[in-house]
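See below for the structure under consideration.
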Amino acid sequence: MTIMIPAWVNGTLTSVEKLEAHVKGLRHKAVSVFVLKGDAVLMQQRAMCKYHTPGLWTNTCCTHPEWDEAPEVCAIRRLDEELGVRGLIPQHRHHLEYRADVGGGLIEHEVVDVFVAEADETLVVLPNPDEVMAVEWVHFDDLVDQVAQHPDRYTPWLRIYLRDHAATIFGELALL
């Protein structure tokens, strides 16, 4: 199945095949979500069948919006598709851009809308094995320490978010 994503080609936003966008390092739209439960972050380990960064740990979920799909709608859709999570209302926290080598000759050059959703003890997480190998709740301070000690276990974008954007994304958690 060919997946088309919104990407800029010669300054014009157009629909581009997802793999082509990553091979060429085209600037493209993306959405990232962090689900928090108190001071813990719901992390996922990417499935081994993913075409880039398989097996690495990353934020709760991330994706590319469909053409004309609002970022908020995309965030809710992807929480359900990747993790079976329903009923959360992600709040927009940040808009950022980054470029990172994700291995295998692929480049992520994303313009990202970042969302945070608050969960409670009743949250049900049912990972889709085509997307997610494992999930884990990690206290924010422990996450920062783990990423610093073992950066190769985490996606490049998560490392960028924590290094350059933690205060904006996580607010008080990042300031403690």
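In case you wondered, yes, glycine gets a Cβ from its N, Cα and C as well.
Note that the structure is predicted; figures quoted are calculated from it, not measured.
Binding of Mn(2+) is annotated in Swiss-Prot for HIS22, HIS28, GLU108, GLU110; the matching candidate from HIS64, HIS92, HIS139 at the same site is HIS64. One way to see the shell of the Mn(2+) site is to take the Cβ centroid of HIS22, HIS28, HIS64, GLU108, GLU110; the remaining same-chain residues with a Cβ within 8 Å of it are ILE5, ALA7, LYS18, ALA21, LEU26, LYS29, ALA30, HIS109. In the three-state DSSP assignment, the secondary structure recorded for HIS64 (Mn(2+) binding site) is coil. Secondary structure at HIS22 (Mn(2+) binding site), as computed by DSSP, is helix.
Cβ neighbour count for HIS22 (Mn(2+) binding site) (all protein chains, 10 Å cutoff from its Cβ): 22.
DSSP classifies GLU108 (Mn(2+) binding site) as strand under the three-state reduction. Comparing CA positions across the binding-site residues HIS22, HIS28, GLU82, GLU108, GLU110, the one lying closest to CYS62 (active site) turns out to be GLU82.
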